[in-house]
Amino acid sequence: MKKTLTTSAGIPISENQHSLTSGPRGPVALQDYHLIEKLAHFNRERIPERVVHAKGSGAYGTFTVTHDITRFTKAAIFSKIGKKTEAFLRFSTVAGEKGSADTERDPRGFALKFYTEEGNWDIVGNNTPVFFERDPLKFPDFIHSQKRDPQTGYKNPVRMWDYWSKAPEALHQITILFSDRGIPDGYRFMNGYGSHTFSFINDKNERVWVKFHFKSMQGIKNLPVAKAVELAGTDPDYAGRDLFEAIERKEFPRWALKVQIMTERQAEQFRFDPFDLTKVWPHSEFPLLDVGILELNRNPENYFAEVEQAAFSPSNVPPGVGFSPDKMLQGRLFAYPDAQRYRLGVNYQYLPVNRPHSEVNSYHRDGSMRFDGNGGRQDNYEPNGFGGPVQNESFKDPALNLSGTLDRHDSHKDNDDFTQAGNLYRMLSEEEKDRLTSNIAGTMKTISEDLQTKNIEHFKRCDPDYGGRIAAKLGLD
Ligand code: NDP
């Protein structure tokens, strides 16, 4: 027998097809509370969409350690080979709104939550190892320039290239964005990168710097531009559908986690700032070390509850993992939890998809939508005489030596924004170079010659051939 429909208060509903009316022609009676609740709840179905990474898809999975890295980190997740930890991964595009197409040229978000026994660890990365900015003060301006024109509400390449002409630090990421990897073939055939520099701390309390790489074990596959444009019209949810259906077919996608390690001493002596998010650490000097395998093997039961309400922050790191001076990381440590508090409310971490699988003992209380037991009868201050949870100094990180004048240091001074973008360009095949420069020239077609020239000068400094090809494709001398 089917269950009886009820109101949210659990009261059985006798009629769900016809409103309560005075006579068959109406009007409707205000006492039809079921009608009122139904309309009122419907009006409130949307929560603020993420300003960036609004369109996403996610799945649960398992991380398995395959190699020993305990010499670098005491994090329990890596404590022994074969150890398994549950995870949730949310993929996304960045600039498009919630209804936008999955096949747009855009970086892809790669936001991972490990439910470790020492609390949640979030690696909130992208499918690119670098980013457009190295200073969080510029982030809102950069995103505004890529989003919609305030007057027309349309995207406008003039604003995009105007901003970039004044931000050469973006060239490395621009090169990745307009390369074939700028439109991955769904989410399974792309890499993920932690992008920032983080730290590992071992059981002797020694620190090294670390970068995280998740290499797709399905290989890299990208969409040709014409196919991506077609799919944007015929199947805008292409990437999410591909992920969901592959997991339903039990074709579980996997990524090999690898790390690059740099000692504190190497960082002090390195030829560029290793904490600069616009740069990679060359593999030849900092080889990738194998760590483990991440497999996605379970689809969510409910998109809103699990994918939309999933909340990630790079500030969630377990003992054995720490931060670095990376300025963008420092900005995100604030901005991400702040975005979740705004989007989901102050108790967002108690939602099932966000709740740690380990015990939570805190004195935070109350706040809107506090839907767990709110700490029950236990008192809510510390220090206390009732045996409540206390700090444990064994989890203290080693001190980090910092020096320098407090100032607004110009990050372009003595900084090379061009070589690594050029290195990537020089690595590409002739056909890849041709597609990259055509993609860039294509979006520059409608902007002024002055703006074209300014940007081409930057590409020429990466590699004369790079700028030269774009200029030729725009018919410039
Ligand atoms: P390597 O030759 O050791 O590494 C080159 C890397 O480039 C490989 O990881 C490869 O990834 C990746 N790659 C290939 N095509 C593209 C593309 N269109 N977009 C982005 N990445 C691509 O060289 P280096 O370490 O000295 O780095 C050279 C350049 O490679 C860098 O300037 C950077 O742009 C890029 N790169 C470097 C990474 C690093 O951490 N060092 C990471 C990713 C890119 P795959 O193996 O998956 O094919």
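Using the three backbone atoms N, Cα and C, a Cβ is placed for every residue, glycine included.
Since the structure is predicted, the reported quantities are computational estimates derived from the model, not experimental observations.
Pulled from TrEMBL, these are the features on record:
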COMPBIAS  1-22  compositional bias 'Polar residues'
REGION    1-24  region 'Disordered'
DOMAIN    6-390  domain 'Catalase core'
ACT_SITE  HIS53  active site
ACT_SITE  ASN126  active site
BINDING   TYR336  heme binding site
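Taking a C-beta cut-off of under 8 angstroms and a sequence separation of 6 or more, the residue listed as 'heme binding site' has the following same-chain neighbours: VAL124, PHE312, SER313, PRO314, SER315. Take the CB of HIS53 (active site) and look out to 10 A: across all protein chains shown you find 23 other CB atoms. Around ASN126 (active site), the same-chain residues six or more apart in sequence whose CB sits under 8 Å from its CB are VAL94, PRO107, ARG108, GLY109, PHE110, GLY192, TYR193, SER195, listed in sequence order. A mean pLDDT of 97 is what the model gives for the domain 'Catalase core' (6-390).
With DSSP classes pooled into helix, strand and coil, the tally for the region 'Disordered' (1-24) is 0 helix, 3 strand, 21 coil.
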